[in-house]
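Undergrad: Sharing a structure with you now.
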Amino acid sequence: MKLKDTLNLGKTAFPMRAGLPTKEPVWQKEWEDAKLYQRRQELNEGKPHFVLHDGPPYANGNIHVGHAMNHISKDIIIRSKSMSGFNAPYIPGWDTHGLPIEQVLAKQGVKRKEMDLVEYLKLCREYALSQVYKQRDDFKRLGMSGDWENLYVTLTPDYEAAQIRVFGEMANKGYIYRGAKPVYWSWSSESALAEAEIEYHDLVSTSLYYANKVKDGKGILDTDTYIVVWTTTPFTITASRGLTVGADIDYVLVQPASETRKFVVAAELLTSLSEKFGWADVQVLATYRGQELNHIVTEHPWDTAVDELVILGDHVTTDSGTGIVHTAPGFGEDDYNVGIANGLEVAVTVDERGIMMANAGPEFEGQFYDKVVPTVIEKLGNLLLAQEEISHSYPFDWRTKKPIIWRAVPQWFASVSKFRQEILDAIDKVKFHTEWGKVRLYNMIRDRGDWVISRQRAWGVPLPIFYAEDGTAIMTAETIEHVAQLFEVHGSSIWWERDAKDLLPEGFTHPGSPNGEFKKETDIMDVWFDSGSSWNGVLVNRPNLTYPADLYLEGSDQYRGWFNSSLITSVANHGVAPYKQILSQGFTLDGKGEKMSKSLGNTIAPSDVEKQFGAEILRLWVTSVDSSNDVRISMDILSQVSETYRKIRNTLRFLIANTSDFNPAQDVVAYDELRSVDKYMTIRFNQLVKTIRDAYADFEFLTIYKALVNFINVDLSAFYLDFAKDVVYIEGAKSLERRQMQTVFYDILVKITKLLTPILPHTAEEIWSYLEFEAEDFVQLSELPEAQTFANQEEVLDTWAAFMDFRGQAQKALEEARNAKVIGKSLEAHLTVYPNEVVKTLLEAVNSNVAQLLIVSDLTIAEGPAPEAALSFEDVAFTVERAAGQVCDRCRRIDPTTAERSYQAVICDHCASIVEENFAEAVAEGFEEK
C-alpha cells in the first residue's frame, strides 16, 4: 500500500468534460420515453394553477436566437413553477396563416390565381404544418419541457371555430363595421395592413412646394392670390380636394418684389420660405388667423373640374413646410377626418398594386405611384415654387420590406373607439414587470385608431359575413354560430368549398334577399385576430388551463402585436385582459450591439450553438443577461458563459467526488453539532436558496445567475473548498470533522442541483444520476428546496463576516511575505497574530483551526505588542516567517513533528495518529515507496 492510498481522495465517474452536444439529445429522448412532462403534471394535479400562455411564433423556417431566448425563458419559468407547488402546464402554440406562407409557395412556383383555391389552401396548410413540426423539434432540442403532442395551432378546426366565436361576440355588441376609411395599404402584398404589421425605416422622398390660385376669396383674399402648399407625397395631388390650415396659426399675405403674384404662407415660416423660393424684398400686405381663411375656395393646380376648399385642422403645424397642407381624404387618416367633416370627396387614384388609375388623369394612368413626380412637376408648371429631397421616417410592410401608402378602400373594422376606456381600465389591473411597458401599451391603446381586420388574401380564416341581394351585410348571432359549428367539424376550408346558401342555417331568410340568394365575404381576417383569439382557442377551451392567464411573456415588439390584439379581443368579449401579468424582453443583438441580419452575416443560429457548446450554454446565457432590455450574443460571449458553466460543473463534481462515501441516512451530522464554519456555510447557502427562490418567483434570472456564480466563486471556491481538502482528504474517513463537512457538501449538492434544474436540466439530471440515495428517479420530479433559518443565525453571520475581514488582512500579510521571498506557498508560513481584544474574542468565537482556515502550516496568537516589522491594521498585526520543521508527505504541512516513521512514512504526528488508527495492516507491513 502506498501512503497516498491513506488519503480520502474524491472518487467519481462524473466527467469533467460535459460533452453536451452529443449527450443532450440522449437525455432528451430518455425524458420523452419516461414521459417526464406528463408525470410532473400528475404530481401537480390539484395544486394552484400557474398558466404561462405561449405567444405563437410564426411557422416559417427554423427558430432564431430571439426565439431561443424567449422560449428558454418560458421553460425556466414553467419548470421553476412546477417545482414550487404549482400546476404549471405548458401548451406550445404556432401562428400559421398569413402572407409569408403564400410568398414561400409563390417562390416554389405555385401560381395561386391559376389553381383551385381549395387545393391552394391545402398546399398552404401542408407547408405550415411542416414548419410547425420543424420548429417543434428546434424547441425540444433546447431542452424544453411541454405538451409537445397537444400543441395549439391556429389552423386547426377547433381553434378556427373559437376565433369565429370571438368575432361573433364583437359583432353582436356592434363593434364590427364596414367603412371606406384610409388604411395602411401594402401594394407589394396587395392588402391592407394593421399597425402591428408596420415597421419604420428612413426613406428619401421628393417634397414639393406649389401654389393653388384663389377662386373665391370670400372677401378676404383677392383672386390674384395664391396659397402656398407643401407635400411629401406628390402622387396624392391627383386626389387633393382641399387645403388645410391651422385655426390658431398666423398667416401672412405677401408680395415678393420678383413676383407679380401674391402668396399666403405661415408667418412663422416666411423667412425660411423666402430664402427657399428666392424671394427678395418681400412686402407683408396683411396678416390673418387661420380661422379667417376657412372655406375660401381655390383651384386645383391642373384639374379644372375640381375646386379645393380651405378647411381647418388640428394636425397642421409650423414645424416644417408652409403651414398649409393639401388634403386628399382618400390617402391619409388626418385628411380623411377633416375631409369628411367638411364634406370633401374621398377620391382614390391608386389601385391595389400601386398603379395610378384612370381617375388620376390620362397623363398619370398606368404609372407606378412613386414614379409620377416628373409628370406632377410638368403639370404644376409655374405653380411649382421649389422641390427638394428629404429623408424621413416612413412606414414599410414588415414582411415585404417595401414602403406602404395610406389608401381608402372598403374594409371591415373593429371599433376600438367604442370600448377604448374599458380597455384602458383593464390595463390598470395588469401587473407589468417594467413600468414603461404599461405606459407603452396604455398609450398605444389610447392613441390607436379602429382596427382594420379584413385582408385581401387567401390563406387565413374567412370573415363569417354574408350579403343579401340588396347588399346588406349579414352577421347575426345565429349565422356566425352556425359558421363556427361548421368550422369546428370541417375546418375553415368549407367556406370556399360551399356556396353561401349552404353555409347559412337551414331555412335562413332575410328581407334583403327576396329570391333567397346570398353572397359570402371573400376577405380573410388579419392574422393578429388569429393569434389575438388564442385566449379563447386555448385558455378557455383546454380543460387544464385558466383564463385569464397568469403570464404573457414575449418580445417588446408585441406591445403593438399580440399583447395588443389579445387585449382588444378579450376586453371586447369579457371585459378583462387575457393576462394578469406581462413580462417583455428586448431584442438579441450581435456582440457589437448591432441588429442581427442575414445580409450582415452576424446572425447566430441556435443549432450552431448546440453543435459547438450545447443548448445548456444557451440556457445559461439567457440567465446571464437582463433580457428586459436588448441583449448581446456572440460566439465569444457564449465562450465566456461556457467557462462559467465549466466552473459550476467542476465545483459540483468536487462535491460529488467528496461525498461518494457519504450515506445521508447514516452519516449526516445535526446542525447543532456542526463546526462554526460549517454552520456559517449552511446559513450562507440557505441565504442563496432564498435569493434564488425569490428570483424565480419574480422571473429575475440575472439575479439567480449572479447569486449562484458569486456563491460558487466566493463562498465555495475561494473559501470553503479552498481549505476543504485539508479536512476531507486528510482526516479519517469516518471522522466527525470530515462527516461535518460532508454533511454541508451533500446538502449543498442536492439542493443546488434542484435549484439549477429549471436552468440547466441536462446537467442537473446528470448530477442526479450520481445521487443514489435520493428518492426521485429524475430531479425534475422533485421540489425546489425551501430556505431554512437557524438559531443564532445573525450572530453566526456577524462572526464570520468579521472573520472574513480578518482573513483578508492575513492574506495581505502572507502576500507581502511571498513578495519578500520569505515564503513561497502559504503552507510554508508560520503566521503570528497580534490581536486586540476584539479580534481575540472573534478567534475564540470562530472556534476552529484558524491555521487550517488560512491554509498556513502554523499559527501563533501572541500576547503583547507587535514588533515594528509587523504588518499592522486597526485591530490586528501580523508577522510571517517560514514554518519550522519538515514537510509532511501526507498533508503537505510543514510541521516540527514530521519524522521518519517505522513504517516507511515521513509524516507529522497528526497524520501518524490517523494512519495508525485506520491502516493498522499497512503500518505493520510498511508502506511502499512513493
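Placed from the backbone N, Cα and C atoms, the Cβ positions cover glycine too.
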Undergrad: State the residue range annotated as motif ''HIGH' region' by Swiss-Prot; the candidates are 57-67, 233-243, 783-793.
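TA: Within the set 57-67, 233-243, 783-793, Swiss-Prot attaches motif ''HIGH' region' to 57-67.
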Undergrad: Labelled motif ''KMSKS' region' by Swiss-Prot, one stretch among 80-84, 595-599, 660-664, 900-904. Can you tell me which?
TA: 595-599
Undergrad: When DSSP states are folded down to helix, strand and coil, where does Cys911 (Zn(2+) binding site) land?
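TA: Once the DSSP labels are grouped into three classes, Cys911 (Zn(2+) binding site) ends up as helix.
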Undergrad: Is it possible to get the count of other C-beta atoms within 10 angstroms of the C-beta of Cys908 (Zn(2+) binding site)?
TA: 24
Undergrad: Which one is it, among the binding-site residues Lys598, Cys891, Cys908, that lies nearest to Glu554 (L-isoleucyl-5'-AMP binding site) by Cα separation?
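TA: Nearest listed residue in space: Lys598.
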Undergrad: Pop the Cα-Cα gap between Cys888 (Zn(2+) binding site) and Lys598 (ATP binding site) into the table, whole Å please.
TA: 63
Undergrad: Counting every protein chain present, what is the number of Cβ atoms, excluding its own, within 10 Å of the Cβ of Glu554 (L-isoleucyl-5'-AMP binding site)?
TA: 22
Undergrad: Take every residue in the motif ''KMSKS' region' (595-599), average their pLDDT values, and give the whole-number result.
TA: 83
Undergrad: Does Cys888 (Zn(2+) binding site) have same-chain partners at least 6 apart in sequence with Cβ under 8 Å from its own Cβ, and which are they?
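TA: In sequence order, Ile894, Asp895, Thr898, Val906, Ile907, Cys908, Cys911 meet the Cβ cut-off.
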